Amino acid sequence: MSCGGCGCEAAAGMGAGAGATASEAYLRGEPVREARELVAELCRHFYTQGWVTGTGGSITVKVNDPAVPLADRLIVMSPSGVQKERMVPEDMYVMAADGKVLSAPVAKPWPNKPPKCTDCAPLFMKAYLMRGAGAVIHSHGMETCIATLLNPGAKEFRMTHMEMIKGIKGHGYRDELVIPIIENTPYEYELTDSLSEAIAAYPKATAVLVRSHGIYVWGDSWINAKTQAECYHYLLDACIKLYQLGIDWTTPEHGPLNSAKRLRSILSPEIPNGCHAAEASKCVVLDIEGTTTPISFVTDVMFPYARDNVRKHLVSTFDSEETKEDIKSLRIQIEDDLRNGIAGAVPVPHDEAGKEEVINSLVANVESMIKADRKITSLKQLQGHIWRTGFEKKELQGVVFEDVSVALKNWHASGIKVYIYSSGSREAQRLLFGNTTYGDLRKFLCGYFDTTTGNKRETKSYFEISQSLGVDSPSQILFITDVYQEAIAAKNAGFDVIISVRPGNAPLPENHGFRTIKSFSEI
């Protein structure tokens, strides 16, 4: 039957707006019917996989109608509390793009429950509105639950160098896959805010894990969402099996878990006073600019390259999905800048104004951001994509200090895990260390953190990192940076901290209280 609204509309938190109505003929038409049938078919299939047993889990897809923009297409959602393997197309809810329910199923006789839209509706709507998704899958697969319990305090689940990572949008075999984890709540709708925050904090993520619960996966189509969901389940299952075998899935070589800790206990049961910091540390986290790499390389080579090529990049890739995401992120940042009166921010016209006008305004904003050296995710993400082209064309080559290459190799050989934490995007970090004058150094690195983790001058960012690295105490992490304010933030989080003093670095305050080094050979 058709309806103007129900509890699902309230749950989705959406009022009626543009596109919130559809004719009866359209609701009975072929595109909507096919979407209903598809959801029923997928639910039956996922039931056999163990993802939606016990009436748990849910699926939603956008109606496939090429004549309607994806953002405005109708939505089909599975109901709540229903045996997923027995659902039929008539059991589905049909909603407008803004969440208003247009059609609800007819009640069935006892012992069936009265029809109710899925409790996942408000979370599904977040993926549709914030990510422009075409389909979202919520699974209760056992591996998605167990994986979140391997490290109960972790805010992320990380893995690398596994073939099926290639099935996740924007990732390759050598990339690190990072899945944010949010805490479970008694009621599904109570997850809405934390899911929204995770989606905003991880712009490249296509999934969010819910601890002791399951996973939300989205894609630009049902095929993409299904493919990624299958890859996530495979990868999480593999990580659980590797954990049972004592194998580390977070490092490129997949060595024994806690190898560094075991190595230290064998070689040095008691760490003597005065030992070097890295020997007592389980992990090392490195800043880049002024620590591993000369500031001059960043300011005189990398930034100018991005500034000089931003227009060329936007023109040549304007219609690509990646650049569309970059522009979307920039628009959000620029709108915020305009509200806050940030100098150099200029309005970006709507797409109807034409490609050239949009690009002109974006270039003006990006140039202003680069000049101000702003540490914002939208800028760093775009810069990373521009630099990728530069490295691919051999117009750029990463520069690190000679002692850095030697230290990375030594730490790796000793079983000490090394991570990067930089304001530059994770992709930019991988590009720099993968294309250095000393070769590809990524094999010595276990992971990358950027501003999606948090501001580098805020203590909470370092708490997040410590939770992700699986250490018993933050003091087992050595952080090396050239920035005093970052050192203070890391120290307040319990990290061991060393300040790097390199040519061109900013002077430090007198009596700053930190150990300093001029070369990693001193560690």
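The backbone N, Cα and C atoms fix where each Cβ goes, and this holds for glycine too.
Because TrEMBL annotations are produced automatically, they should be read as predictions rather than curated entries.
The region 'Methylthioribulose-1-phosphate dehydratase' annotation in TrEMBL covers 1-248.
Annotation source TrEMBL lists domain 'Class II aldolase/adducin N-terminal' at 37-240.
Sequence annotations record features per position, and here TrEMBL assigns substrate 1 binding site to CYS120. Its own atom aside, the Cβ of CYS120 (substrate 1 binding site) has 28 Cβ atoms within 10 angstroms in the protein chains shown.
Positions annotated as Zn(2+) binding site by TrEMBL: HIS138, HIS140, HIS213. Around the Cβ of HIS138 (Zn(2+) binding site), a 10 Å sphere holds 29 further Cβ atoms from the protein chains shown.
The active site, proton donor/acceptor annotation in TrEMBL covers GLU163. For GLU163 (active site, proton donor/acceptor), the same-chain residues that are 6 or more apart in sequence and have a Cβ closer than 8 Å to its Cβ are TYR173.
The annotation region 'Enolase-phosphatase E1' is assigned in TrEMBL to 284-523.
Taking Cβ-Cβ distances under 8 Å and a sequence separation of 6 or more, the neighbours of ASP287 (Mg(2+) binding site) in its chain are TYR421, SER422, LYS456, PHE479, ILE480, THR481, ASP482, VAL483, GLU486, SER500. The Mg(2+) binding site annotation in TrEMBL covers ASP287, GLU289, ASP482.
The substrate 2 binding site annotation in TrEMBL covers SER422, SER423, LYS456. Cβ contacts within 10 Å of SER423 (substrate 2 binding site), excluding its own Cβ and spanning all protein chains shown: 21.
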Nearest-integer angstrom distance between the alpha carbons (Cα) of SER423 (substrate 2 binding site) and GLU289 (Mg(2+) binding site):
9
Cβ contacts of HIS213 (Zn(2+) binding site) (under 8 Å, same chain, 6 or more positions away):
HIS140, THR144, CYS145, THR148, ASN184
Cβ-centroid neighbourhood (8 Å) of the substrate 2 site, SER422, SER423, LYS456 excluded:
ASP287, ILE288, GLU289, LYS375, TYR421, GLY424, ASP450, THR451, GLU486
Just the number: how many Å between the Cα atoms of CYS120 (substrate 1 binding site) and HIS138 (Zn(2+) binding site)?
8
Cβ atoms near LYS456 (substrate 2 binding site) (within 10 Å, other residues, all chains):
21
